[in-house]
Amino acid sequence: MRTTNVWLVVIVWVTVGWSSCTGRFVVEKNNLRVTSPESIRGVYECALGNFGVPQYGGSMSGAVVYPKTNQKACKNFDDFEISFRSRVAGLPTFVLVDRGDCYFTLKAWNAQRAGAATILVADNRPEQLITMDAPEDETSDADYLQNITIPSALVSRSLGSAIKTAIAHGDPVHISLDWREALPHPNDRVAYELWTNSNDECGSKCDAQIRFLKRFKGAAQILEKGGYTRFTPHYITWYCPEAFLASRQCKTQCINGGRYCAPDPEQDFSRGYNGKDVIIQNLRQACFFRVTNESGKPWLWWDYVTDFAIRCPMKEEKYNKKCADQVIQSLGVDVKKIDKCIGDIDANAENPVLKEEQVAQVGKGSRGDVTILPTIVINNRQYRGKLQRSAVLKALCSGFRETTEPPICLTEDIETNECLQNNGGCWEDKTTNITACRDTFRGRVCQCPIVQGVKFLGDGYTHCEASGALRCGINNGGCWKQTQMGKTYSACRDDHSKGCKCPPGFIGDGLKECKDVNECEEKTACQCRDCKCKNTWGSYECSCSGSLLYIREHDICINRDARGDFSWGVIWIIIMGLGAAALGAYTVYKYRIRTYMDSEIRAIMAQYMPLDNNPNTQLSSQLEL
């Protein structure tokens, strides 16, 4: 009876989960290009499998093989003495198998053990492509799921039939799988979500999730601290139907009046923790992220969830608020802020945090509904593949716009540096070890670099030239430069933003060669009648016969004595000119002073006696008469 009740509640939750979502499940698709034979050449769609390791950001070409026996790949190919291992220098093997009779994951595992590089599953129904997923039920041999590393894809029945027909006719079928556009990569920052759960008693899936959190934490924190990513954790919740609100099942699995629920960890209501404990811890983790994100340290969430899993496991009966608060305090976060965010879980009211989580579950645009735990969403596209550090990191790295990837995406275990072989076919200055090859996650680009503040200009493939004021400091701006007899000449000029020009005294292209100009033979200098010319490297020497002196500015020889006499004559003329000017100034000064004094004396005398030439005196005499 207890088991019946448990399954009844599980069925109700699944039904409610689907009915409450107005969105839909989106199949993540990828491009598959058939390059031969001519009859089926073209680009087709295929659906990414939700297991294995898709080569996000990369591509793979191979030859298709359709086995003569074990065509559904439900058995070990070794039993049929079939091997798909590539020959030396041969193309990788893409094995095509039929859908049906066993799990998709088992088909992939058998193909991988036989040496296949990729498995293509041909649909057996004329339907839209679906997502191949791992089995939900746990079996005794389910450990192989974690060991599947080859990519997988589902192709339509029509394409599968066309490939089989071509192989039957003896035509080699070559296919290229391209994952470079599987995820959008619009800019230099990747937004991704992790839909997770605090439950650690759900078997192998919970164990795999905790292992992933611990192993991925370092990379996630590097990306977040560097501002390369914008991470958000999410938690799936359901609500209890109104008809079951008074039931024991809803009361032990839900909070806030049945609005937010989680399944019982052990699927046994009579022992251990219940769904209510899980939903509360999920809410606490969501609030922890909110508080730390507001303080500018969102990466602390990774420390909290991994520390909580270690210090507060259900098996040790520490999965509670007391243990959680200790972890929160150890990370320097205010517990009161977390509690305030959590709010009243017993109130018959909506919780803003969990309400947003329910809304976020519904797919929008190109993203489908979130129905599987765990789920990773990268740039609004659901990740398909293994929950493994390197696989997820590759997917994240493929979400960056090319040339904006962080250093962690360019390590050897993540991608192949294509600049190491023949410099990627790009321009290179071996003298200064400057190259235009820039390694990217998807391959490489040929782009003229910026070195020590100096920008190089060019096509990046055959030519790059330093530009700007500081360009001569880097390999002399790529221009000619030579030193002889203690003298150094350069064709690079700091006052020119680009280009090379041979200095005066040289002629050439300025890049590879500048030849000395013989001014004596070219008759461009030292050509006066008494001049004697001698060419030097980069210049010339000019002398005069006898006691003559060479004036370089005027290209002339003059007499040293004549030059001295001339100089003294100029000096005497200047002295005499200054003397004449002083004498003239003194004469004018004396005349003006004398005139001024005479007028002053006459004015004084006119006050005491009449003067003959005083007009005021004559006017006074006329008035008296």
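Just so it is clear, glycine is given a Cβ too, placed from its N, Cα and C backbone atoms.
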Per Swiss-Prot, which of 44-47, 88-91, 376-379, 608-611 is motif 'Tyrosine-based internalization motif'? 608-611
Per Swiss-Prot, which of CYS448, CYS500, CYS502 is disulfide-bonded to CYS479? CYS500
Which of these glycosylation sites has the least crowded Cβ, counting other Cβ atoms within 10 Å: ASN147, ASN293? ASN147
Given the model, what does the mean pLDDT over the domain 'EGF-like 2' (468-515) come out as? 87
When a 10 Å sphere is centred on the Cβ of ASN433 (N-linked glycosylation site), how many other Cβ atoms does it contain? 9
